[in-house]
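Undergrad: This is the structure, below, for whatever I ask next.
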Amino acid sequence: MTEASRIVAPERHADDVGDTALRPQKLSEFIGQRQARANLQIFIDAARKREEALDHVLFVGPPGLGKTTLAQIVARELGVGFRATSGPVIAKAGDLAALLTNLEERDVLFIDEIHRLSPAVEEVLYPAMEDFQLDLIIGEGPAARSVKIELAKFTLVGATTRAGLLTNPLRDRFGIPVRLNFYTEDELEKIVSRGARVLNVGMTPDGANEIARRARGTPRIAGRLLRRVRDFAEAADAAAIDRAVADHALGALEVDAAGLDAMDRRYLTTIALSYGGGPVGVETMAAALSEPRDAIEDIIEPYLIQCGYLQRTPRGRLLTSHAFRHLGLTEPSRDPAQSGLFGQDEDR
């Protein structure tokens with residue numbers, strides 16, 4: 001199983017091409033992240049008045065919350081050029097040098113997954129961010145020489161889902177750190193309604209709410225669900241997407257009222273029925289579901305923990321009362337000693 005095989009995956013899908021049309025073009029159109037938006041607007045306005053490059057910006061947050069969209073909006077609001085790449089694509093220092101030397105004054109360079117830059121590339125990036133210079137070594141051995149190249153004053157916008165993997169020297173060079181949070185149901189409802197208008201699809205308030213509450217707090221998922229529900233509505237010749245149409249479509253897509261899909265429910269049900277609600281080790285769950293451990297930890301569990309359905313304890317995974325209620329199952333009585341609060345399980 002991969003993230004790309006799940007409609008509720010926050011990572012970008014190959015078929016998310018329609019997502020571009022739904023993206024806001026200005027900060028005033030961007031819904032959610034109120035404080036982050038307000039601060040960015042102030043920093044952008046100040047940089048424009050001074051006719052200076054904006055300080056380097058770091059967007060931190062889970063996938064699908066709008067980091068790339070905000071980076072594009074920043075460049076648009078500043079009225080400057082925008083270049084985009086990602087950490088894994090910049091394989092060597094020469095690749096980064098080619099990008100930086102082609103930037104115009106005050107341009108924005110966006111690096112997605114910036115935590116995946118190699119150490120060698122990072123070393124070249126430090127003086128570029130701080131002094132707007134490139135320090136390159138030309139040649140090899142005794143003939144090698146150091147060359148300094150002056151760069152246009154640019155703005156680096158980095159995005160990461162794993163802030164803990166950033167090195168301290170890189171993190172400290174960003175003057176404007178911005179953390180993005182999951183969206184509220186009301187915010188997602190507005191995003192879905194706006195998306196429906198952009199797609200020229202009829203949408204009732206309760207239809208937008210039905211999609212929003214299953215979108216896992218993530219605009220990218222909301223947009224993807226909207227496009228799929230639109231397909232069902234058009235196939236059924238529905239005049240508009242109301243709650244009944246949305247509920248039918250999302251039910252057919254196996255996305256339940258809490259935004260859980262078939263894999264989420266299979267995971268929870270296996271712990272509930274086969275292991276008495278836990279605790280059970282992650283290696284045991286990987287074997288029971290025929291999934292690699294990484295898929296369990298990185299793809300399935302994060303949202304279940306966020307929703308309060310699952311606890312990671314020293315002895316393994318443990319379902320909460322909330323999970324049993326959602327599954328419609330009776331929670332077994334458990335001895336506190338079995339709750340996973342004590343002891344250590346080698347495959348936790």
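A Cβ is built for glycine as well, from the same backbone N, Cα and C atoms used for every other residue.
A quick note: this is a predicted structure, and the numbers were derived from the prediction, not measured.
For LEU22, ARG23, GLY64, LYS67, THR68, THR69, GLU130, ASP131, PHE132, ARG173, TYR183, ARG220, the entry in Swiss-Prot reads ATP binding site, with the evidence type sequence analysis. For THR68, the entry in Swiss-Prot reads Mg(2+) binding site. The annotation DNA binding site is assigned in Swiss-Prot to ARG293, ARG312, ARG317. Positions annotated as region 'Large ATPase domain (RuvB-L)' by Swiss-Prot, on the basis of sequence analysis: 1-183. The annotation region 'Small ATPAse domain (RuvB-S)' is assigned in Swiss-Prot to 184-254 on the grounds of sequence analysis. The region 'Head domain (RuvB-H)' annotation in Swiss-Prot covers 257-348 and rests on sequence analysis. What Swiss-Prot records for 329-348 is region 'Disordered'.
Help me see these features in their spatial surroundings.
TA: On its own chain, LEU22 (ATP binding site) has ARG194, GLY195, VAL198, LEU199, GLY223, LEU226 as residues at least 6 apart in sequence with a Cβ closer than 8 Å to its own Cβ.
Taken residue by residue with DSSP, THR68 (ATP binding site) is part of a helix. Spatially close to THR68 (ATP binding site) yet at least six residues away along the chain are ALA84, PHE110, ASP112, ALA159, judged by Cβ distances under 8 angstroms.
For ARG293 (DNA binding site), the count of additional Cβ atoms within 10 Å of its Cβ stands at 14 [all protein chains shown].
Summarised by DSSP class, the composition of the region 'Small ATPAse domain (RuvB-S)' (184-254) is 49 helix, 2 strand, 20 coil.
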Undergrad: Which of the binding-site residues GLY64, PHE132, TYR183 has its Cα closest in space to the Cα of ARG293 (DNA binding site)?
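TA: So, of the listed binding-site residues, the one sitting closest to ARG293 (DNA binding site) is GLY64.
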Undergrad: Taking every protein chain shown into account, which of the binding-site residues ARG312, ARG317 has the largest tally of Cβ atoms within 10 Å of its Cβ?
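TA: Max Cβ neighbours within 10 Å, all protein chains included: ARG317.
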Undergrad: Around GLU130 (ATP binding site), which residues of its chain at least 6 apart sit with Cβ under 8 Å of its Cβ?
TA: ARG173
Undergrad: DSSP three-state call for TYR183 (ATP binding site): helix, strand or coil?
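TA: Its secondary structure by DSSP: coil.
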